[in-house]
Amino acid sequence: GSGLPVCASCGQGIYDGQYLQALKADWHADCFRCCECGASLSHQYYEKDGRLYCKKDYWARFGELCHGCSEQITKGLVMVAGEQKYHPECFSCLNCRAFIGDGDTYALVERSKLYCGHCYYQMVVTPVIDLLPDSPASRIPHTVTLVSIPACSDGKRGFSVSIDQGCGTEHPRTVRVREVDPDCISPDMKNSIHVGDRILEINGTPIGHVPLDEIDLLIQETSRLLQLTIEHDPHEPLGQEPGLAVSPLPALCSPLCSPAPVPCGDPSAMRQRAVTRSCSTDKSPGSGSVGSPASQRKDIGRSESLRVVSRAHRIFRPSDLIHGEVLGKGCFGQAIKVTHRETGEVMVMKELIRFDEETQRTFLKEVKVMRCLEHPNVLKFIGVLYKEKRLNFITEYIKGGTLRSLIKSMDSHYPWSQRVSFAKDIA
């Protein structure tokens, strides 16, 4: 009849009881395949320009690109949301275009659409609440969200977690929201945290790096701000998780629905989980979108520090930097020594505190030129960081002291008039 769905690949009607919905279209399960190798994409897919790819072919064809500008990411700071990576200057809200700084709330919806916290609530959550006020979580799409939970005085977070310790690389540790008490949690948090959601990071640290005995302590420490990176996957079967009471998936779901889930004991399913999980630490291409029409989809956490052997092409996240001493202050900002947590590399972060928003936007347009600038007399530019509404840029660190100390230490062969001239030239 007129209501019969049509497959986007073969153009034929779909008579099956179960079929896939992805990219705003319907598909026969057998037609949902990589356009390069023809492999079935029942577990995970990548999309670019309307074409479907498996992970291997997408990597081979497009490499590691910024999801915002589609240009290559070669070195310096990178912002990561789900599997997508961005230049910091490209990490902005799809709706209001505001820059999303390190630590700012955000949501990556359906592994491709990035929103700031405010626009996510207005564009995604509110319409769902209006449609289904009693069970909005069932219609919220796959989302990786950074939420900030303020400190409170009553000693209650309003939710508890369950911890699966896992066993080896095939089944690493997972932490999920076990219960949510709507009477002890704010309305905003109520619509951001759902039973069964996976917690990927606590205060910027991946769950796998947090000591097991500290996980619950950190979450229940109510005297401090708590930041959680949470994955909400409405198509993931949770019945096997101890302590979680979740309804089974319906036969037909909203976009990105799936065929019957692969049994847990199936070796191919375990391999897929391992591959999917590895996306959080390897270099993931970012110019297209990534999706998972299958309920087998697993961890899509923000990546850990990305490093390669060549220092000239290092890539890292803001959370990889340890802040040290203030090297100097001036009218427009200050310079802080920072050290890479893993490699020990020392850099300088210059915080610009007297830039208006228009000046910052103009500066960010020049960043792409600065990335390509190589000159022996110019400090190597590493990257920019937008944090707490302030622009920071990171350069290499050279042990030379401050200009003031250098001028003071000059011997008498350099008269003060010449020293002042040097200072003016440098400034």
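Just so you know, glycine gets a Cβ as well, placed from its N, Cα and C.
Database features, via TrEMBL:
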type     : residues : note
DOMAIN   : 5-64     : domain 'LIM zinc-binding'
DOMAIN   : 65-126   : domain 'LIM zinc-binding'
DOMAIN   : 146-234  : domain 'PDZ'
REGION   : 275-303  : region 'Disordered'
COMPBIAS : 284-295  : compositional bias 'Low complexity'
DOMAIN   : 321-427  : domain 'Protein kinase'
BINDING  : K350     : ATP binding site
Residues of the domain 'LIM zinc-binding' (5-64) by DSSP state, where helix covers H, G and I: 11 helix, 18 strand, 31 coil
Counts by DSSP class (helix H/G/I, strand E/B, coil) across the domain 'Protein kinase' (321-427): 33 helix, 38 strand, 36 coil
For the domain 'LIM zinc-binding' (65-126), residues assigned helix / strand / coil by DSSP: 13 helix, 20 strand, 29 coil
DSSP helix/strand/coil residue counts for the domain 'PDZ' (146-234): 19 helix, 33 strand, 37 coil
